[in-house]
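In Swiss-Prot this protein carries:
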DOMAIN    10-262  domain 'Pyruvate carboxyltransferase'
SITE      R18  site 'Transition state stabilizer'
BINDING   R18, D19, S172, H201, Y292  substrate binding site
BINDING   D19, H201, H203  Mn(2+) binding site
ACT_SITE  H22  active site, proton acceptor
Amino acid sequence: MSFDVGKDKLYIQDVTLRDGMHAIRHMYGIDHVRAIAQALDEAGVDAIEVAHGDGLNGASFNYGFGAHTDWEWLEAVADVLTRSVLTTLILPGVGTVDELRRAYDIGVRSVRVATHCTEADVSKQHIGIARDLGMDVSGFLMMSHMIEPEALAQQALLMESYGAQCVYVTDSGGALDMDGVRARFQAYDRVLRPETQRGMHAHHNLSLGVANSIVAAQQGAVRIDASLAGMGAGAGNAPLEVFIAAVDRKGWNHGCDVNALMDAAEDLVRPLQDRPVRVDRETLALGYAGVYSSFLRHAEKAAADYGLDTRTILVELGRRKMVGGQEDMIVDVALDLVRERGAAA
């Protein structure tokens with residue numbers, strides 16, 4: 001661990017325009033992304049991630065189609081940034097190296113290469129090509145709660161060996177608590193080089209997004225993901241304006257204007273939420289069952305279509321250990337539950 005939270009500046013990575021896509025079914029308009037990005041840039045955020053919620057080339061029947069293409073969103077944001085680093089996310093197998101090169105041509109200079117927490121080996125080509133392009137590259141180990149800290153650290157070590165300059169603990173299910181976060185970063189410290197940065201991507205399904213991010217920073221995570229008004233899958237990400245307010249009270253160096261972030265969250269982002277991004281019975285079920293946060297809207301639709309309780313579907317998905325990319329199985333699970341209900345009648 002080379003980062004000292006008491007002395008060094010945090011790297012604030014906003015995800016409103018990528019993870020936040022899930023909250024509104026990838027329906028951001030061009031004017032929306034431009035206004036939000038400009039506000040974030042002016043507020044001093046270090047980097048702004050832009051893509052379909054499931055990364056470059058994520059638009060599909062499985063994940064959902066967006067109001068615009070990745071390229072339209074990225075070009076709109078690239079036009080307004082003056083200091084924040086334009087960032088994107090790519091899932092190997094969903095996005096190809098061709099998409100990575102095209103993103104670079106638009107102006108993307110930082111990328112997070114995301115895999116399920118046990119599948120770091122599929123990130124090798126994407127990390128290598130991103131490094132060859134001269135990009136800043138982070139490894140993004142999704143659903144980090146699903147394996148033990150030492151096993152996660154071995155996956156992080158693979159990403160480091162491929163060239164990742166930072167590796168994340170990615171709590172996609174919002175299922176980790178502070179002890180779980182601490183244990184995972186301590187495991188990282190035992191195997192990763194000190195110069196390899198650590199990052200934290202929290203979800204707020206158990207209302208621990210801010211607390212987990214603070215603990216991560218105390219354990220050496222320099223890069224912290226957050227979003228305006230928590231705009232993200234499930235109960236959202238760590239709310240950016242709340243995290244900055246909390247660490248500002250601690251005297252940590254974050255470089256952001258907290259009032260500007262509050263204004264952007266309230267005036268630009270919250271009005272776009274067709275479903276409130278908050279902890280409620282459905283989003284709490286995500287964290288409780290350890291389910292991928294972006295399953296929420298899919299599960300709610302299946303519940304409405306088949307007369308089920310969303311929580312019942314989510315808990316069953318958790319029991320079956322479904323992971324990102326298996327959105328098409330949500331309807332199958334719902335049909336199984338309908339059959340079981342009929343058999344019991």
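Any Cβ shown, glycine's included, is placed from N, Cα and C.
On the structure: features taken from Swiss-Prot.
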residue	record	Cβ contacts under 8 Å, 6 or more apart
R18	site 'Transition state stabilizer'	E49, V50, A51, H52, G53, G55, T88, L89
D19	substrate binding site	E49, G53, D225, S227, M231, G232, A233, N237
H22	active site, proton acceptor	G53, G232, A233, G234, S293, S294, L296, R297
S172	substrate binding site	M142, M143, S144, H201, H203, A233, Y292, S293, S294, G324
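Under the three-state DSSP scheme, R18 (site 'Transition state stabilizer') falls in the coil class. A sphere of 10 angstroms centred on the C-beta of H201 (substrate binding site) encloses 31 other C-beta atoms. Here the binding-site residues are H203, Y292, and the one with the most other Cβ atoms within 10 Å of its Cβ is H203.
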